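Now, the feature entries from TrEMBL:
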BINDING   B:C51, B:C54, B:C57, B:C109  [4Fe-4S] cluster 1 binding site
BINDING   B:C61, B:C99, B:C102, B:C105  [4Fe-4S] cluster 2 binding site
COMPBIAS  B:152-163  compositional bias 'Basic and acidic residues'
DOMAIN    B:42-71  domain '4Fe-4S ferredoxin-type'
DOMAIN    B:90-119  domain '4Fe-4S ferredoxin-type'
REGION    B:147-169  region 'Disordered'
Amino acid sequence: MTREVVVGTGTGLDTADMVLNIGPQHPSTHGVLRLKLVLDGERVISCEPIIGYMHRGAEKLFEVRDYRQIIVLANRHDWLSAFANELGVALAVERLMGIEVPERAVWLRTALAELNRVLNHLMFLGSYPLEIGAITPVFYAFRERETLQTIMEEVSGGRMHYMFNRVGGLKEEVPAGWTRRARAAIGEVRRRLPDLDNLIRRNEIFLARTVGVGVLTAEQAAAYGASGPVARASGLDFDLRRDEPYLAYGSLSVPVVTRQEGDCHARFECLLDQVFVSLDLAETCLERVDQISGPVNVRLPKVVKAPEGHTYAWTENPLGINGYYLVSRGEKTPWRMKLRTASYANVQALSTLLPGCLVPDLIAILGSMFFVVGDIDK
Amino acid sequence: MDGIPGKGLVKGLAVTAKTMAHRAHTRQYPDVEPDLPPRSRGVIALFEENCTVCMLCARECPDWCIYIDSHKEEVVVPGAARARQRNVLDRFAIDFSLCMYCGICIEACPFDALYWSPEFEYAEYDIRDLLHEKDRLREWMWTVPPPPAHDPMGEPAKEESTAARRAAR
């Protein structure tokens, strides 16, 4: 007796594209970014970043907060660049009110902004290798972060949310001897930073994971409005500190770190070299601070009201261009304050960067875009 | 890549070996207390005696986490024509589960009733216990450090300049 068994239908194998969600909770996304991928086997066919899981309505909250309260909120959207975020708000309001910031405050702000940039970059220099399997660099990065955070804490009282900017300058004068201690800390970080460099930059495994992976061309970067280290790694030579100087950058020579390759390794290298540049800039600024005496803020009226009008203040944040479009109707709260964040624009490029790559490369690319989800969702 | 294969790995291992020969950077926290600067924003202390119930802190707080209750009392001043009215603080509480540690209340206080203290070890198992009432906030006052001296190149602290002005009078 024979029995017929049908083991397959049709000829060959039917394949179907798989839709895979990465996130919203995935360790490599630094928060809650969700990527909707269409996969053909191991290859990504299309990628759609779905954002908004961390939307906190910052822009709407700005409309019902006075300018000092806005600084509290503004330093939180990109929690790794709190000082730079505060700075943008302060610059916008100062411009509208026509306040001239004392010179000492300008140089102190520049020094602190550069230290903040180093802190931000060190975070990514530690976390990016971690994401693709190298656990060691993060300890070195955090050792340096700790040194600089101590300095920031001494001056502002905070380790991440500094709350040190005010409209018209800074909150208060720095403690006696702080500039000397800050310079010592910078020296220490500069001396130990080659450890991090030697550990990972030319590591063969790291190179194999990142070189030639996720190439973003300069045209694509420009088309998506990418900025900061991500765009500069693609050869888009644009840095507001040099091209449209604010604070004291006009009287400093700012070396802009660029790469031509546009791959993950170039983005990482841009970040690493930028740290050295920023340490030098911060040190120069601190030297100037020691030569300038005077107040660090101006006397403000009891109620700070920006006159009717609008302005757009953009700054080179650690992750790219951060802009605040401030519209005031002469009240003590803004009528509208639009946020242009670096991560939001940078992450858009993922939809062209990811198609065609393999799933294991996806993590390498995602991590190398250096974004903070709070900065995307606002 | 350039040079001998595995050079990058060897370089990395050399860093590890070098670090191994050095003292560890770690501070064993619960056993070793961290050195916190006086400006460190750990907890808000209330100097109740200075509070006049003006409500400025509660109004300026970005997320309204300060609760104040008060009543008016009549104080008979001998020699005065009429009895004076005085605000008496009944309740002053800060909800540290909401607080964003921005320090605006401290800046807004015109009577120096609020201070930062670097103390940070007040974690609780229940979120409701993070609501510190006025006696607990008063207790933190004992941990408030003196403010650091200002950089000689900058302006002196507000406390210094007012003290100098008072002394000159």
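Here the Cβ of each residue, glycine as well, is placed from N, Cα and C on the backbone.
Apart from the site residues B:C61, B:C99, B:C102, B:C105, the chain places the Cβ of B:I44, B:C57, B:E60, B:P62, B:D63, B:C65, B:I66, B:I94, B:M100, B:Y101, B:G103, B:I104 no farther than 8 Å from the centroid of the site's Cβ atoms, the recorded [4Fe-4S] cluster 2 location. Of B:C51, B:C57, B:C99, B:C102, B:C109, listed as binding-site residues, those near chain A by the criterion of a Cβ under 8 Å from one of its Cβ atoms are B:C102. B:C109 ([4Fe-4S] cluster 1 binding site) has B:C61 as its nearest neighbour among the binding-site residues B:C61, B:C99, B:C102, going by CA to CA distance.
Residue counts for the domain '4Fe-4S ferredoxin-type' (B:90-119) under DSSP (helix as H, G, I; strand as E, B; rest coil) come to 5 helix, 10 strand, 15 coil. Distance noted between the C-alpha atoms of B:C61 ([4Fe-4S] cluster 2 binding site) and B:C54 ([4Fe-4S] cluster 1 binding site) is 13 Å. Note: the CA-CA distance between B:C99 ([4Fe-4S] cluster 2 binding site) and B:C57 ([4Fe-4S] cluster 1 binding site) rounds to 12 Å.
Each residue in the region 'Disordered' (B:147-169) gets a DSSP state, and the totals come to 11 helix, 1 strand, 11 coil. Those residues of the chain, other than B:C51, B:C54, B:C57, B:C109, with a C-beta within 8 angstroms of the mean position of the [4Fe-4S] cluster 1 site C-beta atoms are B:T52, B:V53, B:M55, B:L56, B:A58, B:C105, B:A108, B:P110, B:F111, B:A113, B:L114.
Mean pLDDT for the domain '4Fe-4S ferredoxin-type' (B:42-71) in this predicted model: 90. Long-range Cβ contacts of B:C105 ([4Fe-4S] cluster 2 binding site) within its own chain (separation 6+, distance under 8 Å): B:I44, B:C57, B:A58, B:E60, B:C61, B:I66, B:L114.
In the domain '4Fe-4S ferredoxin-type' (B:42-71), helix, strand and coil residues by DSSP number 8 helix, 10 strand, 12 coil. Each of the binding-site residues B:C54, B:C57, B:C99, B:C102, B:C109 was scored by how many other Cβ atoms lie within 10 Å of its Cβ, and the smallest score goes to B:C54. Around B:C51 ([4Fe-4S] cluster 1 binding site), the C-beta neighbours below 8 angstroms that are at least 6 residues distant in the chain are B:L89, B:F92, B:F111, B:A113.
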